[in-house]
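One structure is given below, encoded as C-alpha cells.
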Ligand SMILES: *Cc1c(COP(=O)(O)O)cnc(C)c1O
C-alpha cells in the first residue's frame, strides 16, 4: 500500500523533536551533530533566538498580504542585499528552483527587450544542478531527472565544467547567457577555477550575453564570503539565492543589475507568496547576522581549521577517502567505498552528513559552528571510519 506521503524520497527512519545550535535531538532521544543543516539551509543553526523571535513576532503581526501591497520587510531585505553585492535590484520567491526560473526569464526578457528575441538559449554545465521544475530539470540536464517527464524545455545547452574553449565554441547568435554554480554542489562539490569564471565574464562581455551565477547553495556566507563568486573578483549580471537565506524558512531571491531588472515591469512576472512579511522577517535576521562585523571572518577561520582536520582524517583513512573538496563550510569527501555507507556509519556515531554525486560525502554545517564543533564532528567521523575500516579488513581476510 502506498504511504500517505508520496514515495519520492528514501528517508532515514529518524525524526527530530527539536534542535539547539548545531545539534538536533532525535525522537530516539539521541543527540546528533548536524553537519547536513537541512542541506545547507539552517545557516544560523537550530532554535536561533533572534530568528525564532523575529518569526514569532512577525507571525503575530501579519504573515502575508500578497504583492498587491508594499512589504516593508522585503524592501529592507532588498536594500541590505543591494548594499552588499553587485546587484541593483532584488526579486523574492520561495525556493531555489523558482529563483532560477525567474533568473532565466529575466535574461530572456532582457535580450528580447533589447531587440534580440533570437537570443534565448542559456549555456549550462555538465554536472550542474538548478532545481526540479520542468525548465530546471532541462537546465540541469541530468538524464536521471528528465526521464519520463516528457519533452525537455528547449533553450539549454550543456558543455563541460571548467572548459573555457567548450563554452567559446558553444556560443551562437542565439545564446542569451551562461548559468553556472561557483561550486557544483549536488554533483559532488566541484569548484569552478577562478580563472574560468573570469574567462566566462570576458566571453559574456565580448558577446553581449549575461553571466548568471547559481548561488543557491554557495551563497549567503557558505564559503566564508557573502557570495562564492566574490573570490574570483568578477561581477555577475544576475544571481539566484535560496537555501541559507531564510535559515530554514522557505525564501529565495534573484539579484540583478539594473540593466536586466528594469525589464521586469508590472505584469511580466509574479508570485503570490514571494517575499511575504514572514519570510522576509526571517531573511532580515539571517542576512543581518551574516553581515554582522566579524561573522564571515569567523566562518573563514573555522573553515580553515575544519579543512585541515578533514585533510588529516582523509590521510589517516586512505582506504575510505580519495580526496577532499570544496571551500569554506561547503566540503566534500570523495569516498572509495559507497558514500552512503560512510553517512550511515556517521549517523550511528551521531553525526549528520549529506550525500552528493560522484560518491561524495558532503559536510555543510550551520555557519555558526565553532572549531570545537568541527573537532567533535571529526571525532565522530573518525569513530565511524574506524568501524568501517575494521569491517573492510575483516572482509579482506575472509576473501583472502
Ligand atoms: C538546492 C539547489 C537548487 C534548488 O533549490 P530548491 O529550493 O530545492 O528548489 C538550485 N540550485 C542549486 C545550486 C542548489 O544547490
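Quick reminder: no glycine exception, Cβ is built from N, Cα and C everywhere.
On a predicted model such as this, the values are computed, not experimentally measured, just so you know.
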For the pyridoxal 5'-phosphate site that TrEMBL assigns to 96, 97, 214, 215, 216, 217, 272, which of the candidates 129, 295, 306 is also assigned?
129
Which three-state DSSP class does residue 217 (pyridoxal 5'-phosphate binding site) fall into?
coil
At the level of the C-alpha atoms, what whole-angstrom distance separates residue 132 (N(2)-acetyl-L-ornithine binding site) and residue 97 (pyridoxal 5'-phosphate binding site)?
6
Return the residues near residue 243 (N6-(pyridoxal phosphate)lysine), defined as same-chain residues 6+ apart in sequence whose C-beta is under 8 angstroms from its C-beta, sorted by sequence, else 'none'.
39, 40, 41, 96, 216, 217, 219, 220
Pairwise Cα distance for residue 214 (pyridoxal 5'-phosphate binding site)/residue 271 (N(2)-acetyl-L-ornithine binding site) [Å, integer]:
20
For residue 272 (pyridoxal 5'-phosphate binding site), the number of other Cβ atoms found within 10 Å of its own Cβ:
10
So if I take the binding-site residues (215, 217, 271, 272) and measure from each Cβ to the nearest atom of ligand 1, which come out below 6 Å?
217
Of these binding-site residues, 217, 271, which scores lowest on Cβ atoms within 10 Å?
271
